[in-house]
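Per TrEMBL, the feature domain 'SGNH hydrolase-type esterase' maps to 21-239. Taken from TrEMBL, the feature active site, nucleophile covers SER24. Taken from TrEMBL, the feature disulfide bond covers CYS45-CYS69, CYS156-CYS208. Under the heading active site, TrEMBL lists HIS232.
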Amino acid sequence: MGVASPHASATPAQQRNVIILGDSMVADPWAGDVVVNRLRGGGQCPRSAESYAEQAARQAGLEARNFSCAGSQVNIGGPFLKTAFADQVDAALPAIDPNTTHVWITQGFNDTWSGFGPEAYLDGMSWHIARIRERAPQATITMIGYPSITSNGQLCLARVIPGAPGPVPAVQVADMESQAQEMQRELARRTGIGFVDVRSQTPGNGMCSPDDVRYVSALIDTTGPVAHMPFHINERGHREMAHMVVDQLGL
């Protein structure tokens, strides 16, 4: 009688996975793809494989199951192209399995102009967190914040001349940044999820920062790294934020 290999009946280990949820900052689609898709009435959400979440997943050896979508709001309201965060959660829940070890969320900035206020965001997100926890009690849920956008209450909308950022007042945007950061922090406190406070760690990387260190694209931008959308995270920002996520989550 032959001797069976000790590995003959072993079940291959399943790759761990991460569920990714949130808005355009984490979806990182090309702006044109978003507009064309919406005008055609498409239900798809274009995404990039080079967003900070996708890069962090690869670095950590996690399979990325990405449901993020540009325009995401917890409560639908206000101008611009909007999508429902609830739709992402509905789509993600069936994709959660015993190998889901992490859930990463970047959500809140679009909710600052929805007209519903912080408490509506906190109530809605708390409910979604509870839904995810029920499905994936083994997973670590983390809110990943936004990088600094404004600097001293200013934006630099046209970065076309190296070394000449051209700052303009943007107090309202700075207030929205602060509100989103506080909503995310309070959500983490209420629900017990993790929070990577990216804004506090990137005060020198906003839209008005020197081209060789900034993480955020301008409205018109010819001097900085490639970005898929104006007023969003550029290639450098995604790369550095991916390292930040991996380091701070101990992956």
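The backbone N, Cα and C atoms fix where each Cβ goes, glycine too.
Computed from a predicted structure; not experimentally measured.
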Cα proximity to SER24 (active site, nucleophile), best match among recorded positions CYS45, CYS69, CYS156, CYS208, HIS232: CYS69
Candidates CYS45, CYS69, CYS156: member of the disulfide-bonded residues with the richest Cβ shell (10 Å): CYS69
HIS232 (active site) versus CYS156 (disulfide bond) - Cα distance in angstrom: 13
CYS69 (disulfide bond): secondary structure state under DSSP, collapsed to three categories: coil
Distance, the residue listed as 'active site' to CYS45 (disulfide bond) (CA atoms, angstrom): 17
Sequence-distant neighbours of CYS208 (disulfide bond) in its chain (C-beta under 8 A, six or more apart): THR150, SER151, GLN154, LEU155, CYS156, PRO165, PRO167, ARG214
Cβ neighbour count within 10 Å of HIS232 (active site): 22
Inter-residue Cα distance where the pair is the residue listed as 'active site' and CYS69 (disulfide bond), in Å: 14
Local backbone state of CYS45 (disulfide bond), from DSSP in three classes: coil
Helix, strand or coil at HIS232 (active site) [DSSP, three-state]: coil
Collapsed DSSP category at SER24 (active site, nucleophile): helix
